[in-house]
Each structure stands twice: as structure tokens, then as C-alpha cells.
Amino acid sequence: MRRIQVLVSDDQLGDVTDVLDDEGIDYVRYRAQMGSKREEQWLVEIPLPTDAIGYVLDRFEDAGVESDQYLSVESLESSVSPRSEELKQRFADDFDPLTQMELRSKAQDMSRDTFSFLAMIFLSAVIAAGGLLVDSPAVVVGSMVIAPIVGPVMTASVGAVTGDRKMLANSIWIQAAGLVTGIVAAGAFSYVLLALGFVPSTLDITSVELIGLRISPGFVTMVVGLTAGAAGAFGITTKGPTSLIGVMIAAALIPAAATVGIALAWGEYRIAVGSLLLLLVTVLLINLGAFAVLLQFYGPDEKGWLFPSDAPRKRRLLLVGTALAVVLVAGVVGVAAGQQLLFERTATGVVEDTLSQPEYGDTEPVAVRFEYGDGFFPGPPETVTVVASRTAGGGDPPSVAGELDRRITEVTGRDVAVRVRFQEYQRSESNASRSLSPTTLAPSRTESSPVGPRAA
């Protein structure tokens, strides 16, 4: 439930009460003064279901209530009036997003001051780096829970769709500062662990499962980022909490930022660039998804949107600079991500076609992982890691890495180094269960979990 309080003049009172009477809405009215003004006006107080707020405010606007009049919308635990139950049932099945006023207020409530925001991002990135290095999903999830990154993401989209230029610009810069802080925190923590010998310097960080998943952008991770932003925006338009949605958005960003820092500490600059590309693509798609959803329910006000002609020159330059920076980053990241996705799709197809050949028996691809590579980094070629499954007891694994290397290089034109890791599993014979006693369970065909990796 919500309570609306609107201050109207004697001339407007009749129009407002007519609207409420026509809609069957109970209300109270009493004389009130605003501030130091001695002129008394009418304060109309209306208890309403949350989903009725937008509809009633639209009716008030049609009746002549201006947007800059005194108007407040408050949470209400409960309300009982002669027609309250009928009103609740009328709007029970309606979805009515929060009004712009409520939306802005909810977004601002999610925001923190800059110091506490950056401090929490710093701590969450340190925790994420530790979880990644020890390959602990539970620790990584914990870092997502405490990360407050959802605040500036949502306020940026809210500022964009409502025409609040200051909110939009501040949110963009705070997001950038937060991601840089996360990278620096994870890198510094990883370097300290490396220098003190708590982590072996010979560790191949791409062999760590949780890190290997975040060394380059992929189609699935991009879809996750887009839908996470859309879910966050949809959640903020409702009366429900957004804490769980915040965890989803942090899940797409904090581990990626920590991976960049870890790669820098290890001097793996190709991996760092790939993870950074993943991070930038994800944050752009999260903001795009949030903006697209909010745009379906809200729009900029009539006072002008992002570049008003009457704004001070300094503010206009700041807005233009912010917009150009976003467009430039989005363009570079988009081109790089597109090229990487095309390479990954082509290489994955080559792996599937190769392993389907009769000479490789029952060997089947399980996963294909890629390092980012664009030709600008000297040193060894980018690595393609193939995880394949095969039945145990079939002798030595086939020598397929060289063939995959040749075919991928031939098709894509990129110099790659292919690593193949085999997962073996056992399969029971169908006639083995026939010798069991009659009291045992009925025979069934089972497959065990992988018994362990073997490298080739």
C-alpha cells in the first residue's frame, strides 16, 4: 500500500475530488499551509494499492495538477476504509511500474557515497581474487554478495530514461572508478600472494577452472550480462527488493575484474586483455539491457534530455565528453568482441568436425576455451584448450592436438597452440547385471562421473 498526499488550491480541489469520487477511492482532506506561506490550501490524503499509483497520478495530471506541486508518495503498512477492499481487488492483477518519482527515489536509495562504494568494491575484489586462485566457487559467490555495483548501474539507466543528466554522468564515472578499483585491488592482492610465496609462481592460471572461464568474452557470457541488466531494471520498476538482482549483476562483473588483476600480477598480458575485454563488454551490455527495459516504461521529460541548449557550457562539455568516451569504448570493445566471437565459433566448429572422424573413436568434445588474441601481442600464439571425454580402458588417448592445431590455423588464419585434456569415464556392461541375485535392484545402465583428467 501507498499513501499519496497532494496539496491543491481551492480551485483545484473540486477537480481532484471528482477524480477520486469517479474512481471510487476514499480520501480525507484538511486545510494546510506550505512552509512560511500564510495562504491555506487543501491537503488531500489518499491510501492506494501500489499498482494504482501511476493510474491515479495520470488522472490528477489530466485534472490540472502540475508536476511541481507539493506531492508525496509514502509506504503504508495497512489501510482500512469503506471501499479499500474493492479497490485492492480492482488493481490486484494489474502490473503498474513505479512512477518516475518513485523510480528515482528507489534508485537513489540504492546508491552509496563514493568512499564506501569504492571501499566495498576493493574488499569484494580481494575476496574474489582469493576465491579464484584457490578455485573456490563459494568464496567467489561471497564476493558477489557484498559488491554494491548494482547501485551505479541502475542509477545510470534511470538517469538516462528520466533525463537526469547529472545522475547519468555521475553513475558512469562511478562505475568506471569501481571497476578500476576492483582490478587494482585484485592485482595488488595477487602480487602480494605471489611475492610471499603463498601461490607458486609456476602456476598456470588458465588451468584454474574459475579463471579459465573468464579469459575472453563468449556469447553465453554476453547474453548473461544483457539479461542481468534487463532483470535489474525490471526489478527496480516494481515494489520488490533488488538485492538478489544485485548479486546477479555483481556475478557478471566482479570475478571478471579480479581475473584482470590476477593476470596482470602474473604478467599474462594477453589473458589480462581478454579478461578486460570480457569485463567491458559485460558492463556495456548490462547498462544497455537496463536502459532498454526502462525505456519501455519511462521516457525523458519535456525539459530536454541529455544535451539541453540552456545548460552551462562546462556541463555540456562534460556531458559531450562522457558520451564520446562511452561511444568510443563501446565501438572498440564491440569490434574486438565481434572478431573474438567469430574466431571462437569457427574454431569450435573445427573441433567438432575433427573429433567426429572415425579414427578418434568415442572421443567427444566437452568444452573449448580460448585465450584472447588479436595479433598485437608478441610471444607465444594464443592457446585453444579442448576438453574431450573418452571411455576408460581404450588405450592411450589419440594424438589429436597437432591435427586440431593445423586445421584451426588453416581455417581461421590465426597461429594457435592447442592443448587437449581428456576426461575418462567408465561404462558398465549391459550383461554384467544379469549375474546379480534376484533380491537386487533391476538391471540398469549407468555411467560414472569422470575419474580424472589425463593430459595429452
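One-based numbering along the chain as shown.
Quick reminder: no glycine exception, Cβ is built from N, Cα and C everywhere.
TrEMBL labels come from automatic prediction, so no person has curated them.
Record features (TrEMBL):
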| type | residues | note |
| --- | --- | --- |
| COMPBIAS | 428-449 | compositional bias 'Polar residues' |
| REGION | 426-456 | region 'Disordered' |
| TRANSMEM | 114-134 | transmembrane segment |
| TRANSMEM | 140-161 | transmembrane segment |
| TRANSMEM | 173-199 | transmembrane segment |
| TRANSMEM | 219-237 | transmembrane segment |
| TRANSMEM | 244-266 | transmembrane segment |
| TRANSMEM | 272-297 | transmembrane segment |
| TRANSMEM | 317-337 | transmembrane segment |
Check the transmembrane segment (219-237) against the transmembrane segment (140-161) for contact, please; criterion is three or more CB pairs under 8 Å, pairs 6 or more apart in sequence. yes
Quickly jot the same-chain residues contacting the transmembrane segment (140-161) by Cβ under 8 Å, restricted to those at least six beyond its ends, or write none. 103-104, 107-108, 110-112, 116-117, 120-121, 123-125, 127-128, 131-132, 167-172, 174-175, 178, 210, 229, 232-233, 236, 242, 245-247, 249-251, 253-255, 258, 283, 286-287, 290-291, 294-295, 298-300, 306
Beyond the flanks of the transmembrane segment (173-199) by at least 6 residues, Cβ under 8 Å: 114, 117-118, 121-126, 128-130, 133, 149, 152-153, 156, 253-254, 257-262, 264-266, 276, 279, 283, 287, 322
Residues from the same chain, set at least six apart from the ends of the transmembrane segment (244-266), whose C-beta lies under 8 A from its own: 110, 121, 124-125, 128-129, 131-133, 140-141, 143-145, 147-151, 153, 179, 182-191, 194, 203, 205, 210-211, 214-215, 221, 224-225, 228-229, 231-232, 235-236, 272, 275-276, 278-279, 282-283, 286
